[in-house]
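Asks: Please see the structure below; I have some questions.
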């Protein structure tokens with residue numbers, strides 16, 4: 001008995017780049033014996049056999065159902081808006097690396113049933129490729145040029161080329177295409193120039209460039225000696241500044257202490273002597289102003305004692321003298337007239 005058959009049996013393997021579009025073919029022919037309703041179903045078969053098949057789109061009873069698989073919602077559709085015409089091919093838009101897998105097209109119109117499997121590989125082109133230099137760029141040293149792509153499906157391959165000078169890699173260079181490393185042994189100034197790296201896979205390429213500048217060795221001994229001398233000079237200047245600062249602070253402290261210090265060898269002011277002498281002077285002035293007539297009533301007792309500097313001394317400092325040896329001052333030699341000091345008795349009369 002004749003039944004439907006799938007006619008798109010040519011290419012079964014598809015390789016596309018991420019972001020592109022692919023059409024998975026599924027054309028068929030019905031027979032006169034197929035009288036049941038037409039059903040077209042696309043299924044994603046996981047690589048892990050433990051997982052179940054996932055329906056991604058279906059045509060049944062003249063309707064399209066395309067919301068079974070959230071990961072492909074809005075990106076998968078039938079290539080022909082009317083699949084019952086014999087074309088149940090599937091369009092996948094804006095491909096992603098996660099779309100890689102095995103897809104199966106099933107066509108049913110009872111009693112006929114047919115299916116076909118297709119393999120889809122979504123590759124990511126190399127992107128964000130960066131070049132770098134490792135090692136000292138000095139004459140006689142080994143220098144390594146590195147090339148790495150941040151994006152890209154395996155297997156990636158790297159190739160270095162020189163875009164300046166002789167356009168040929170140095171004779172001592174060693175290239176690893178799988179890792180992207182270019183080793184330049186015993187570098188010389190002739191190795192200087194611009195180098196270009198090309199990263200590639202099955203669907204695309206990406207590249208980067210870097211400038212290599214091989215220079216004579218640096219005089220490290222001179223740099224170290226200069227650094228040591230500079231450090232010593234810096235420390236010396238710092239020590240001088242600290243010494244000057246400390247000396248200045250000590251001088252200020254000394255001046256402050258001297259300004260507020262009370263010297264013990266300076267005698268106290270002679271306040272008592274001054275008071276005694278002022279008293280004697282005032283009495284002499286008052287007595288000198290008296291006339292002889294006014295002094296007749298006073299007792300003619302000579303003024304024999306004058307306050308001496310003994311008032312100024314403390315008891316421990318006063319020397320002991322005999323009272324008999326103290327003589328009254330000779331007023332006549334001094335050119336002064338003897339005067340009498342009036343005194344008052346207990347009853348109030350003047351003596």
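Using the three backbone atoms N, Cα and C, a Cβ is placed for every residue, glycine included.
Relevant sequence annotations retrieved from TrEMBL are reproduced here:
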- 18-121: domain 'Ig-like' (DOMAIN)
- 126-215: domain 'Ig-like' (DOMAIN)
- 223-246: transmembrane segment (TRANSMEM)
- 258-267: compositional bias 'Basic and acidic residues' (COMPBIAS)
- 258-317: region 'Disordered' (REGION)
- 271-307: compositional bias 'Polar residues' (COMPBIAS)
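Looking at the shown structure, can you explain where the listed features end up?
Replies: Restricting the average to the domain 'Ig-like' (18-121) gives a pLDDT of 91.
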Asks: By Cβ distance under 8 Å, which residues at least 6 away from the ends of the transmembrane segment (223-246) in the same chain are close to it?
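Replies: Hits for the transmembrane segment (223-246): none.
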